[in-house]
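Visitor: The domain 'Glyceraldehyde 3-phosphate dehydrogenase NAD(P) binding' annotation in TrEMBL covers 3-140. Residues annotated as NAD(+) binding site in TrEMBL: 12, 13, 110, 168, 299. Marked as D-glyceraldehyde 3-phosphate binding site by TrEMBL: 139, 140, 141, 194, 195. The active site, nucleophile annotation in TrEMBL covers 140.
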Ligand code: NAD
């Protein structure tokens, strides 16, 4: 069975999900929806994707010489599952359209957990998404946290996690957000929403987070601190994280997120994406019984393989999460 996938919202996340679907052998892109005839719409066309648009935008698109296949309703008619990658808060409004079309839907981390009723991270709760109609793939930060908390909890038990998130202010192609010359505690009222978001996937975890925005576009950086239930050494933690397929150790002179991105360029990764958590293994420390380490999270791309696994679980084409993760990784080159 080849699953027919539609992408609604072809921006930072949408275009990456489309390309990741295209390299899998059990799913295909049947169309992507754009609202504006901008360069991304023309690039989608050039890549061979059928472009759809909201009914009232089609004329404008055609006026700009962009060939449109039809409306979003037309696109949904052809699809088994739609991956909604519209800006946070917009996806919610699309739920009734998807219900009416009888199509399964995946939303992204900008939407609330309640919208889908299932928040997803492949290595943490794949089984929960099997056969579901609606799933939300959690945000880049939450994905990055789940990927390390889940195995540490399984192996040693996480008594509590305390994380400081240093967040990029904007994506590289985003000219509207900031700051460009300040460090912004955000939110000022603590703890931040990221901890509760992790609990939508891993409800049993005691986690609290703080977050600041920094004038950079290159990745988020997490300072992770945990109290574990069983005594362990830094070497044991390092060995455990080394076994996680979506965790990559960085060192060899990499001392910043800029160098991580440069390595992704050197690896010829598409769009210089870094799908894995980048953990500085040298930073893994047990100090007075508590675990500490740094990890970098590439906000534009770490959720992409998770969307692929969510499709497989919802469509029930693979019931074993470990097998889906391996298949996704192999096809994408992780
Ligand atoms: P984006 O702004 O880059 O892309 C959104 C796309 O949706 C744009 O192409 C826009 O033209 C289109 N769009 C806007 N309104 C639309 C509508 N009504 N119907 C159809 N398309 C519409 O946004 P993004 O960064 O890709 O974020 C998408 C989702 O992914 C959000 O929920 C966000 O929180 C989440 N997310 C973003 C990142 C990130 O770092 N960019 C990381 C993880 C998750």
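Glycine residues also receive a Cβ, built from the backbone N, Cα and C atoms like all the rest.
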Visitor: Between the Cα atoms of residue 299 (NAD(+) binding site) and residue 139 (D-glyceraldehyde 3-phosphate binding site), what distance do you get, rounded to the nearest Å?
Guide: 8
Visitor: Among 12, 139, 141, the binding-site residues in the record, which have a C-beta under 6 A from ligand 1?
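Guide: Checking each Cβ against ligand 1, the ones under 6 Å are 12, 139.
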Visitor: Return the residues near residue 13 (NAD(+) binding site) by Cβ distance under 8 Å, restricted to its own chain and a separation of at least 6 in sequence.
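Guide: Non-local contacts for residue 13 (NAD(+) binding site): 85, 108, 300, 303, 304, 307.
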Visitor: Report, in whole Å, the straight Cα-to-Cα distance of residue 195 (D-glyceraldehyde 3-phosphate binding site) from residue 12 (NAD(+) binding site).
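Guide: Cα-Cα distance, residue 12 (NAD(+) binding site) to residue 195 (D-glyceraldehyde 3-phosphate binding site): 24 Å.
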Visitor: Could you tally the C-beta atoms, other than its own, that fall within 10 angstroms of the C-beta of residue 110 (NAD(+) binding site)?
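Guide: The Cβ of residue 110 (NAD(+) binding site) has 17 Cβ neighbours within 10 Å.
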Visitor: Taking helix as H, G and I and strand as E and B in DSSP, count the residues of the domain 'Glyceraldehyde 3-phosphate dehydrogenase NAD(P) binding' (3-140) in helix, strand and coil.
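Guide: Taking each residue of the domain 'Glyceraldehyde 3-phosphate dehydrogenase NAD(P) binding' (3-140) in turn, the totals are 59 helix, 32 strand, 47 coil.
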Visitor: Is residue 168 (NAD(+) binding site) helix, strand or coil when read with DSSP?
Guide: strand
